[in-house]
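Peer 1: My structure is below; once you've seen it, I'll send some questions.
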Amino acid sequence: MTTEKVNLLDFDRKGLRTFFAEELGEKAFRAEQVMKWIYHFGCDDFDQMNNINKQLREKLKAKCEIRAPYVSEAQHSADGTIKWAMRVGDQDVETVYIPEDDRATLCVSSQVGCALECKFCSTAQQGFNRNLRVSEIIGQVWRAAREIGLEKETGRRPITNVVMMGMGEPLLNMKNLIPALEIMLDDLGFGLSKRRVTVSTSGVVSGLEQMIGQIDVALAISLHAPNDKLRSEIMPINDRWNIEAFLEVVRRYIASSNANRGKVTVEYVLLDHVNDGTEHAHELAELLKRTPCKINLIPFNPYPGSPYKKPSNSRIDRFQKTLMQYEHTVTIRKTRGDDIDAACGQLVGDVIDRTKRTKAKQFDGQAIPVKTL
């Protein structure tokens, strides 16, 4: 019987030190040496770790591995965006690299599919299978960094920002999300600033409450409607945690956070003649008066079979100007990678649906059908 090897990408620094001490009988500083090799040098070969003694290298080869998701397909957009299908087990999740003049952002998935069934999101139409492991979340960053590193001659910018805005709801995978975030921030990991790592949530209040005092990163919230009636129609999670409950915990999180500089990013997808009217803009502006924020408007990105359309430029412009009358900071997200279906709301991957779509989801606490790892 073959014993499965331990994937070292599943450990943050604390977990790796504990594993080295308790399972390998090694001093904790050895764990930090190995961690530096993994994340600073993109190394997955123990034999290349030349400051590690041979005895430990042999022990690591016998018991451990460094295994990130691999790229099963890559698509390149005309604007420089790259979408990778990353193989996790027998399925794919999607990871998107978005280069800009002064930064390069990586959009990372947290689940295989999504159980929340937001009506405007193509990921939701794929159903839900399971949570990603720590190694499968941080492994997307590791693999992407390595892919970019292999293409230095093209002048691609190294990853400077990570956004948890890919497939899935991050706060329904807290067990694996937090260690992955810790590795992103750790000096021995990717060493990113807390202001350059963003978690986006559709409103999992219990998860956001757990984050308070536990991890400090930038926060973006998927609001997408100015009132509970409309939000429940397009985002069923609102039936479990309504807007008032959501914004209350958001205010508490940003009050405890240094990463957010006192403001949360409010994401609002504009759906033609659904939530993009002037009356919706006035209602949204009033709703957010007590929540320090900047508002990011996202014109809808169509996908095959979608019942919604992108609003006209005049409707988008009018919505923005109405919000600005209330002295809100309002931006319109530039669509990137839409020619390869890599834009916001277009990610689908390859998902074996484990949810029963003929039955309504019951948002009782976090009693959503989530297979944990």
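Backbone N, Cα and C define each Cβ position, glycine as well.
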Peer 1: Per Swiss-Prot, which one of SER193, SER200, SER206, SER256 shares the S-adenosyl-L-methionine site with GLY168, GLU169, SER222, LEU223, HIS224, ASN301?
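Peer 2: When Swiss-Prot describes the S-adenosyl-L-methionine site, the candidate it includes is SER200.
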Peer 1: Round to the nearest Å and give the CA-to-CA distance linking LEU223 (S-adenosyl-L-methionine binding site) with CYS107 (disulfide bond).
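Peer 2: LEU223 (S-adenosyl-L-methionine binding site) to CYS107 (disulfide bond), Cα-Cα distance: 19 Å.
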Peer 1: Using a 10 Å radius around each Cβ and all protein chains in view, which of these recorded positions has the most neighbours: GLU94, GLU169?
Peer 2: GLU169
Peer 1: For CYS118 ([4Fe-4S] cluster binding site), which residues in the same chain are close in space, meaning a Cβ under 8 Å from its Cβ, but six or more apart along the sequence?
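Peer 2: Once residues fewer than 6 apart are set aside, CYS118 ([4Fe-4S] cluster binding site) is near ALA124, SER202, SER222, HIS224, ILE234, MET235, PRO236, ILE237.
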Peer 1: Compute the C-alpha separation of GLU169 (S-adenosyl-L-methionine binding site) from CYS121 ([4Fe-4S] cluster binding site), stating it in Å without decimals.
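Peer 2: Answer for this pair: 12 Å between alpha carbons.
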Peer 1: I need the nearest neighbour of SER200 (S-adenosyl-L-methionine binding site) among the recorded positions GLU94, CYS107, CYS114, CYS121, using C-alpha distances.
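Peer 2: That would be CYS107, nearest by Cα distance.
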Peer 1: What is the separation, in Å, between the Cα atoms of GLY168 (S-adenosyl-L-methionine binding site) and CYS121 ([4Fe-4S] cluster binding site)?
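Peer 2: Cα-Cα, rounded: 11 Å.
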